[in-house]
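As recorded in TrEMBL, the features of this protein are as follows:
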- 12-32: transmembrane segment (TRANSMEM)
- 14-379: domain 'Major facilitator superfamily (MFS) profile' (DOMAIN)
- 52-72: transmembrane segment (TRANSMEM)
- 103-126: transmembrane segment (TRANSMEM)
- 138-162: transmembrane segment (TRANSMEM)
- 168-186: transmembrane segment (TRANSMEM)
- 207-233: transmembrane segment (TRANSMEM)
- 245-265: transmembrane segment (TRANSMEM)
- 272-290: transmembrane segment (TRANSMEM)
- 296-319: transmembrane segment (TRANSMEM)
- 326-345: transmembrane segment (TRANSMEM)
- 357-378: transmembrane segment (TRANSMEM)
């Protein structure tokens, strides 16, 4: 039976949320990755400044995420979502108007704040309006991130043959406008029924500690690849391969949350988290170890099929453990990891990206080791209802 919310069908809600996520994350946040090599060669952007600009965006994302946690009304505001979409598009369009690194820094910082706000509003709306529907529909909605990556990747791939780095930013802003128009009518979640935070139990603390460590390390490792994968492949193979690989990342990410939701019906989440992290580590290391087109495309596929799934699995485990403020703590740890990632590898970029990718893969392996702890005597019988909102779990995307 299909439930209609505010005159909009669940499928339409999923499409609107996917469009918002495509604009805010797939384009607004991640289009920097395929444009980065063009900026290196055409605008004189150094590797260290490139890493600094990436960090600025992640700092902005953390600021936006904290705003959503500290001011819960933000994630229920259509005005905030629409304003953030407009601001985000403006930051994209303004990038080619200057060569000043400090202005670029400010633009990417503001873009990070705006993308985080739209992300939280879209995801919370997605799950508020799809409760009781097919568990895979939300997964496809969240796949809008991957769709945005793929579409912007195709755009930059074409532009690199007919235009400049500035054209790529302007074209991306235009694509974001199209997505924003499609997302404009998205209805944020209504005020939820608040239940007190679960007190947690001492027995769940050790698993949650392992989860926080794993997710923090994943934030460091994944963002290294998410920022520098295209530039690294461009150096190791034909230049078009990097942009092509980023398209593969998006195409693999688009159905990935629905895929991991299906797998969670057959295997435990701790097992899936471990497997996904191991697969991702291999994918990040592959282009650093083996050159050529084939390994580059395989790397892109493995990265794309895991990075969204790992987030959904980890946050679902945190909610299941009923640890107080689980989602807030996990989100904060992940965001801090993303800030540290580009800074950690900056000294390694002097001679290319190989060492940076190897370090990223090693960090993700460390995340897998921490995740392995979850598999031992995991309390799978805890009574957790993923459809009950708490004051700290309003923005979790729990794709089961």
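Using N, Cα and C of the backbone, Cβ positions are placed for all residues, glycine too.
These numbers come from a predicted model, not from an experiment.
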Proximity of the transmembrane segment (138-162) to the transmembrane segment (12-32), 3+ C-beta pairs under 8 angstroms: yes
Candidate ranges 12-32, 207-233, 272-290, 296-319 - greatest C-beta contact count to the transmembrane segment (245-265) (under 8 angstroms): 296-319
Leading contact stretch, 168-186, 207-233, 357-378 vs the transmembrane segment (296-319) - CB distance under 8 Å: 207-233
